[in-house]
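Written below as structure tokens is the structure these notes are about.
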Amino acid sequence: MIRRRSRRLRAAGCTRHLLVQMLHCHLLQLLTSMLGFNRHQERIHILKDVTGILKPSRMTLLLGPPGCGKTTLLLALAGKLNKNLKVTGEIDYNGVKLQDFVPEKTAAYIGQYDLHVPEMTVRETLDFSARFQGVGSRAGTNLCTKPSALNFLYKIEIMKEVIRREKEAGITPDPDVDTYMKAISVEGLERSMQTDYIMKIMGLDICADVLIGDAMRRGISGGEKKRLTTGEMIVGPSKALFMDEISTGLDSSTTFQIVSCLQQLAHISESTILVSLLQPAPETYQLFDDIILMAEGQIVYHGPKSCIMSFFESCGFKCPGRKGDADFLQEVLSKKDQQQYWSRTEEGYNFVTVDQFCDKFKASQSGQNLAAELSKPYDESKGHNNALSFSIYSLSKWDLLKACFARELLLMKRNAFIYIAKTIQLGLLAVITGTVFLRTRMSVDRIHANYYMGSLFYALLLLMVNGFPELAMTIDSLPVFYKQRDDYFYPAWAYAIPSFILKIPVSLVESVAWTTISYYLIGYTPEASRFFCQLLVLFLMHTVTLSMFRCIASYCQTMVAGSVGGTMAFLATLLFGGFIIPRCFAIGLTIKKGTSRAIISRNKLTRFDGGDQDNNTENMMPKLQAETVLSPNRTGRMVLPFTPLIISFQDVNYYVDTPAEMRGHGYIEKKLQLLHNITGAFQPGVLSALMGVTGAGKTTLLDVLSGRKTGGVIEGDIRIGGYPKIQQTFARISGYCEQTDVHSPQITVSESVAYSAWLRLPPEVDSKARNEFVKEVLEIIELDEIRDFLVGIPGVNGLSTEQRKRLTIAVELVSNPSIIFMDEPTSGLDARAAAIVMRAVKNVADTGRTVVCTIHQPSIDIFEAFDELMLMKRGGELIYAGPVGHHSCEVIKYFQAIPGVARIKENYNPSTWMLEVTSTSMELQLGVDFAQMYRESSMCKDKDMLVKRLSMPVPGTSDLHFPTQFPQKFREQFKACLWKQCLSYWRTPSYNLGRNDQQGLFTILGCMYGFILFSGVNNCQSVMPFVSVERSVVYRERFAGMYSPWAYSFAQVAMEIPYVLVQVVLFMLIAYPMIGYEWTVAKFFWFMYTMLCTLLYFVYLGMLMVSLTPNIQVASILASMFYTLQNLMSGFIVPAPQIPKWWIWLYYISPMSWTLNVFFTTQFGDHNDRMIVVFEETKSVAAFMMDYFGFRRDLLPLGAVALAAFPVLFAVLFGYNISKLNFQRR
């Protein structure tokens, strides 16, 4: 039993304008605190006077609109509240206060976000979860320090007791149940049996051996991920379950099945279950015992389900006949929807506030019963402390370590291509390096000693850069680690130790590969002891580097901050290593007449003449000059002109390569067919629903019809208006609302919609009409109140799940499409929000557009809002394609005509009934194939005739044709993309400030070479995660035909120039005079030009690496190879005269070599009259630059052209790759 009394949660925060908030958070926070200025803070009540009791053997439904505090309440009960929140009140389990036991192990919290390791399969994920949660071993952890042994004896005793009682009662156990019980009593089998059982009840057995995947890797569906999130926690032995919106993305039949299992779990095992659902179907709602209804952080009702409707009737509100109880309960609290349920017509209606409802509940019989029960002390005879967990972890330390080792080893195998690529890269660079430094014997003069020092330095540099991908891999794994750490699956040390130990062989292999190849080619001392000494140093260096990058990742936690932190650590390690800056160099001493101490060591060069002497970016889009083309419709709404179009398709099939895991389990076919001969049509003005259980192929069919599949084989005929579909044309007249809401995080809601309208509406629509249309769409989707909110990052900040879903729909609606596809538009929304969205969608269809929606668990009202239905069964086959009918009469009539199908109950949800009677289990029970029955039906024949008729062009019409590929001209595309990039960059100070902060260090050190290399590497590493995030948005917008990829690419390229220019100016103003360069106009601007071009080509290089690779890890590997290779060939470590002729071409195509050439020759190349002693020879500075480094002043014009050419080349290649390559797998 869980009791909570008068629980209040308050959060202190600041209410400020968006721009001011960004500046305060990142620039002025420290300054204002130092000056003693106070910021205005407001206290926000998240929960207010939340009081109640959750009893064992009862399942409670938590209802309420988004933002009412449901998630916070669940976290509070599970003991997982943010420590920064101020909390009053208390929670106890069975009379034991929360702080006296371990609530994280006693209770399981199942969150809204699906955080899983994408490289693991479903079975592996559940099995590891069961292992970490100590399936079968929890009983002994409270009594003995050796839980495994005691647990085994404990289970034997339980089985003996069960068998004895069965004999006494004369019970013959069911064979399947008896087998299961005996199996879980055998040591070592209980975990796999429990995993198989959970996969079965969650419907995950069909994808048990499929990788989970992510946004860039094909894996299980969104609904399957949601079920896996639930199964990951219920596979454990926790008796208190707190589930937060577990039905998002699931069809109503699957949700009903899962909740039914939870109901049995609660009643049989005496578990305490609290479930938050957004749109529970009536039959799912009926499975619950109690209801908690929340609004504005308060509990409006908490009591038996049977009493809640009578409570609201006593308040004057009554639920209509065909309205679901759950939908009514959420809408009756809304100011916009409450009046329609007012039943006392003889009395005048006044809005009833949440506070008034709370007062009425406290005065009701249910409220008084709850208060009386809370006033009584807990009866300890009703429960015992064995239900609680007093130990933090379920396994012993050794078992925790073994489990983490096993998982880390598995992940290394799945990511083996990364380590293989790194090793191959290292071997290739070792060959190049060895042949660059190729010597047959070791010379002992000072010049060659410097070359050998350069080769050793380069080896250390290479091994450090080789560790950069570890940063990205670690950051990617952190969200899953934090979730499992907070659930007390394992401690941090159990996660960190395997990561360290299992990387040791990697370091050893790469160190051996490098030393074996390069050692004797370079010509080091051929003594074995020296060889192994160098091998040991490089091995330790590589091991330390990997650990350092993992440490930085754990501290920074984001790729942008991690890139900055990694580069800073990299810089500090190498600058203080004694090669770039010798130990004896006195920092701060400079020469006014042109010699930089950061480049020329005091030990090597001595002056002959004794020369040592003491933003505001406007958030407004440029306006287009065009004519207004508007016409009011019958409702007074503004409608932009469009062409109604029909989409028809015949015998559509879709195949993908069979996953290796399925082939490993006996599936012999090379191709896996996901769609089977799908035929149908969607017509203008008709709102069509595409339904089926999870895994039926709804999203797959939508992707095939819309042309969004990037892999697999598509067969069949798809036509638009009777003409064959052409994807480029189709993208102009269609919209697609994806199941996953992908948006730029640093853009506001109104800016996102306006950006879509700017690029997708035709140029005939002027800016005034466009802005009015944007405003209207925001009002229709009810986003006008949050129009100035930043979108943010899902699960981190910004919009809530339902707000993101509505934004996705608004972004597509504002493009004024003729055909619009929506993949689960109501997923993640509560009943009221879903009704709002569907009303808007219905209005869109009523204007004559073709609208198709996949939908999982619609309420009766939402389902009957559709005109046509296409129903698919698991395996991608069609089993119904026809009208829905008034009160779903056509659907009900068709399926009830099939012999053996049960009749629908009164007021039962037709969509749920339809999915239940057509399930796979029902097919087996009835011995029928619903797909075959549909193919033989008159409905199918009529549909085929209709499709053939609609597939013929209407006389007098012509195929769609647009004079241009995109709605806007290239100039407007560029302006729009530049506008959005400008806003994104301005609002991402963590990226921009990170690259400016490092300049202080560079300028203080006064190291030209170090600054060029490491500032460039930092820019390159920092831009990669930023471009990677935006690339997912680009894929969506490119498929929508919003703009040419070249326009986006050039906009992003152009947006970098002002920020890099600011970076260069800051360096010039601070460092140029401190280093002591000559104050001539020519040298100043040469220096500035060189810096600008150099930093630009490094930034564009990072963008190019992302565009060439599927993910940021591979991009980091490719970039690290580029860093090290061009650093080797830059002319600093190995001067150009010493580079062998077979590698000299690499020197001339290395951007760094031209940078150093222009830098050195413009600053020192004209010093013919200044003499220095170099290696016991007297030379001029200019002669030394030419003889030693090979930097020639006569190549200055060519160098200037080359410096400008490299950024242009990288930018053009970036644009080309963005336009041609697509690594998204659908």
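Yeah, the Cβs are placed from backbone N, Cα and C, and that goes for glycine too.
Nobody curates TrEMBL annotations by hand; they come from automatic prediction.
Summarising the annotation, TrEMBL assigns domain 'ABC transporter' to 25-321 (among others).
Summarising the annotation, TrEMBL assigns domain 'ABC transporter' to 647-899 (among others).
What TrEMBL lists as signal peptide is 1-33.
Here the transmembrane segment (416-437) has Cβ contacts under 8 Å with residues 451-452, 455, 458-459, 462, 466, 469, 473, 506, 509-510, 513-514, 517-518, 521-523, 1113-1114, 1117, 1120-1121, 1124-1125, 1128-1129, 1134, 1139-1140, 1142-1143, 1146 of the same chain, all six or more residues outside its ends. Among the features that TrEMBL reports, transmembrane segment is placed at 416-437 (among others).
Nonlocal intrachain contacts for the transmembrane segment (449-468), taken as residues 6+ away from its ends with a CB within less than 8 angstroms of a stretch CB, comprise 422, 425-426, 429, 433, 437, 442, 510-511, 514, 518, 522, 524, 538, 541-542, 545-546, 548-549, 566, 570, 573-574, 577, 579, 604, 1021, 1116-1117, 1119-1120, 1123-1124, 1127-1128, 1133-1134, 1138. Here TrEMBL flags 449-468 (among others) as transmembrane segment.
Residues 102, 104-105, 129, 132-133, 392-394, 397, 400-401, 403-405, 407-409, 412, 419, 422, 470, 474, 481, 539, 542-543, 546-547, 550 of the same chain, all 6+ positions outside the transmembrane segment (488-508), place their C-beta atoms under 8 angstroms from a C-beta of that stretch. Annotated transmembrane segment per TrEMBL: 488-508 (among others), in sequence order.
According to TrEMBL, the feature transmembrane segment maps to 528-549 (among others).
Marked as transmembrane segment by TrEMBL: 561-581 (among others).
If you look up TrEMBL, you'll see 1046-1072 (among others) marked as transmembrane segment.
Here the transmembrane segment (1084-1106) has long-range neighbours at 1012, 1015-1017, 1019-1024, 1027-1028, 1031, 1052-1053, 1056-1057, 1060-1061, 1063-1065, 1067-1068, 1072, 1077, 1112, 1115-1116, 1118-1119, 1122, 1151, 1155, 1158-1159, 1162-1163, 1200, 1203-1204, 1206-1207, 1210-1211, 1213-1214, 1217, meaning same-chain residues at least 6 beyond its ends whose C-beta is under 8 angstroms from one of its own. Residues annotated as transmembrane segment in TrEMBL: 1084-1106 (among others).
Nonlocal intrachain contacts for the transmembrane segment (1112-1135), taken as residues 6+ away from its ends with a CB within less than 8 angstroms of a stretch CB, comprise 415, 418, 421-422, 425, 429, 432-433, 436-437, 451, 454-455, 457-458, 461-462, 465-466, 468-469, 471-473, 476, 559, 1009, 1013, 1017, 1020-1021, 1024-1025, 1028, 1101-1102, 1105-1106, 1143, 1146-1147, 1150-1153, 1155-1157, 1188-1191. Positions annotated as transmembrane segment by TrEMBL: 1112-1135 (among others).
TrEMBL lists 1142-1160 (among others) with the feature transmembrane segment.
According to TrEMBL, the feature transmembrane segment maps to 1195-1216 (among others).
Counting same-chain residues at least six beyond the ends of the transmembrane segment (528-549), those with a Cβ under 8 angstroms from any Cβ of the stretch are 459-460, 463-464, 466-468, 470-471, 474, 500, 503-504, 506-508, 510-512, 514-515, 519, 566, 569.
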